[in-house]
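Asks: Taken from Swiss-Prot, the feature phosphate binding site applies to 4, 23, 67, 68, 69, 70. Residues or ranges marked as purine D-ribonucleoside binding site by Swiss-Prot on the basis of similarity to another entry: 159, 160, 161, 183, 184. Swiss-Prot lists 184 with the feature active site, proton donor. Residues or ranges marked as site 'Important for catalytic activity' in Swiss-Prot: 198.
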């Protein structure tokens, strides 16, 4: 979300400068506790994040990438506003299978970032879940019941970008992690949040992401 990047820059970074406005995909560089940090929107879905993440890695030499965004719960024990750290990302997309047609290439987080983020979140007292997520090509899937079934297999949530991010990180040997806030629930329909809340109030994941990037 480009407006989420703007929110992070305005509320967490010092001396933030906008370095990109092309396609309204705002990007900012500033400092957080003395460390230079960049934040940028990546659009919606795996094709979009694949473009921006690859350019950040290949053209700008970025070595650590953390996605902060929203996800829908697939598990009755994972509730709105709680955090999910994606240890791994299953996917129904063919993006990866186009490269590896005879393999199920596992999309996993950087353990270094995952371990740091988990302990930082717990030290903050945030309710945090670690496990598998589903990266889907469709927000409004025709396979709703199938996705719900994944929750019974321990999949925490569904989102649209983590698998592609982890795949690019593996390809280019850099570190990546996806930190999501649960914005709604597929198993508890009464749990929901507004668009404004999603843009401006999901600050826990932002704090964890920033602290993880500067942790020793």
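Placement of Cβ uses the backbone N, Cα and C atoms for every residue, glycine included.
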Asks: Cα within 10 Å of residue 184 (purine D-ribonucleoside binding site) is the criterion; apply it to the binding-site residues 4, 23, 67, 69, 70 and give the hits in sequence order.
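Replies: Passing the 10 Å Cα cut: 70.
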Asks: Within 10 Å of each Cβ, count the other Cβ atoms, then let me know which of the binding-site residues 159, 161, 184 comes out lowest.
Replies: 184
Asks: Can you tell me the three-state DSSP label for residue 23 (phosphate binding site)?
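Replies: Assignment for residue 23 (phosphate binding site) reads helix.
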Asks: Could you tell me which of these recorded positions, 4, 23, 67, 198, has the fewest other Cβ atoms within 10 Å of its Cβ?
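Replies: Counting other Cβ atoms within 10 Å of each of the recorded positions 4, 23, 67, 198, the minimum falls on 23.
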Asks: Look up residue 198 (site 'Important for catalytic activity') in the DSSP assignment and reduce it to helix, strand or coil.
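Replies: Assignment for residue 198 (site 'Important for catalytic activity') reads helix.
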Asks: Would you mind pulling the DSSP three-state label for residue 161 (purine D-ribonucleoside binding site)?
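Replies: The three-state answer is coil.
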Asks: Which ones are near residue 198 (site 'Important for catalytic activity'): of the binding-site residues 23, 68, 159, 161, which have a Cα within 10 Å?
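Replies: Qualifying among 23, 68, 159, 161: none.
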Asks: Let me check the 10 A CB neighbour count of residue 69 (phosphate binding site). How many other CB atoms are there?
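Replies: Neighbour count, Cβ to Cβ under the 10 Å cut-off: 22.
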Asks: Among 4, 23, 67, 68, 69, 70, listed as contacts of phosphate, what is the widest Cα spread in Å, to the nearest whole number?
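Replies: Overall maximum Cα spacing for these binding residues reaches 21 Å.
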Asks: Would you work out the biggest C-alpha to C-alpha distance among 159, 160, 161, 183, 184, the residues that bind purine D-ribonucleoside according to the record, and give it in angstrom as a whole number?
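Replies: If we measure all Cα pairs in 159, 160, 161, 183, 184, the largest is 17 Å.
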Asks: Going by Cα-Cα distance, pick out whichever of the binding-site residues 4, 67, 68, 70 is nearest to residue 159 (purine D-ribonucleoside binding site).
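Replies: Closest by Cα distance to residue 159 (purine D-ribonucleoside binding site) among the binding-site residues 4, 67, 68, 70: 70.
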